[in-house]
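These come from TrEMBL:
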type	residues	note
BINDING	K121, Q184, G216, D247, K390	UTP binding site
BINDING	H217	substrate binding site
Amino acid sequence: DFRKAMSQAGTSQFQEVIRQELEYSMKVELDKILATAPSNELEHTKKDLEGFKKLFHRFLQEKGPSVDWEKIQKPPEDSVQPYEKIKARGLPDNIASVLNKLVVVKLNGGLGTSMGCKGPKSLIGVRNENTFLDLTVQQIEHLNKSFNTDVPLVLMNSFNTDEDTKKILQKYSLSRVKIYTFNQSRYPRINKETLLPIAKDVSYSGENTECWYPPGHGDIYASFYNSGLLDNLIAEGKEYIFVSNIDNLGATVDLYILNHLMNPPNGKRCEFVMEVTNKTRADVKGGTLTQYENKLRLVEIAQVPKAHVDEFKSVSKFKIFNTNNLWIALSAIKRLQEKNAIDMEIIVNPKTLDGGLNVIQLETAVGAAIKSFENSLGINVPRSRFLPVKTTSDLLLVMSNLYSLNAGSLTMSEKREFPTVPLVKLGSSFTKVQDYLRRFESIPDMLELDHLTVSGDVTFGKNVSLKGTVIIIANHGDRIDIPAGAVLENKIVSGNLRILDH
């Protein structure tokens, strides 16, 4: 035992030496990069690299899954409230004065690359030529006009999306929404083998674009604070932010949740509210809220020990998942940021660059900070508040007659008999937005659809109607053209079907 203890002590000592060497080497490389910064970028770059250094230090300290599975408990009954209970309280007469304390923040750092688009994802056309950004501005403008309020919109951009977004913002100059932007940090990608940055200088154009990355939406707290915008909004009397992904079309300002925050029934305000919704089979990988060491805590699949992954995915044990719609007190962000007390688990994101080099990105998630805030709460909201568009399959749903559009908000059509959305799986021929649009002469009627699978070279004519379960599979080398006006109900179409124009 003594020998074993000695060898363990030796191993940990050895690991500590390696850790210190890695940290020193990283510092040397970062200093070299900083030395290449032009004077007008120096302060900003320094802050970014300081933040990265802290994250790298923690990455070297932490090993393995970051949760002790035995300590995970179900959240106490009152810590996740049903939305119906919050809605039942109604709204006060002075809802406008409550709204004037709110800021809407959209996470706008992502590119549309997964859908084959260049530039910010927020600029992809979603509905009647409107982009994600258009719909967001319309929603807030409608709110400000209806209640005679001044709810601003804040966009957290990344170095990838900032320039294109700012160009497009000029078109809203006459709208009744004040729009502010700030940039999330820019961190260097790390070579997986050497654990050193692959960037040699601060530039991030041309060949160097692959050297840098935005470190996940958990970076919002530091970037928002560092930008000075947080202090300005507090000075204007703003008290809460409502944060959501710009591609979640269900994330509109909810007056009942806002009222619950501002006028809590027990008189004690929440600093952090996470909207969760019930899991379906499609959401088994979503992060879930648990009770951990007497605090509400978001547990992501990456933090779960391998032996318990199946248990984590169980819809019966963990019934809810995080929608990433969050309501956070501005004063609490300021307090915790100044104490350096926001604790978020590190997400290690491996990537392979175009040239084949394996790198890692160290990231954090905004919802993971819930455990650092006082008096946190989960609200179990209807599924309609979670309507993300990650793929063209999602895009088909939101472009279809399943939804009606009113003042920038999408609502499920009353003609749909079931409140759930059909399951849609479009094959690789539809992955890119421009290919997808080319394959539909018009979006099919999907009001009575339950399930759609499309694979291979398939095109849809005008005014097609899909009902029940429809499976269309064009074999390799074959093509299927669904003719204009076709009604497919509980059909499997396969092989080769060309409708020739005469």
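Every residue, even glycine, has its Cβ placed from backbone N, Cα and C.
In TrEMBL, annotation is done automatically, which means it is predicted and not curated.
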For UTP, with binding residues K121, Q184, G216, D247, K390 per the record, max Cα distance (Å, no decimals) returned as 21
Could you measure between the residue listed as 'substrate binding site' and K121 (UTP binding site) for me? Cα positions, answer in whole angstrom. 15
Could you check the binding-site residues K121, H217, K390 and say which one's CB has the fewest neighbouring CB atoms inside 10 Å? K390
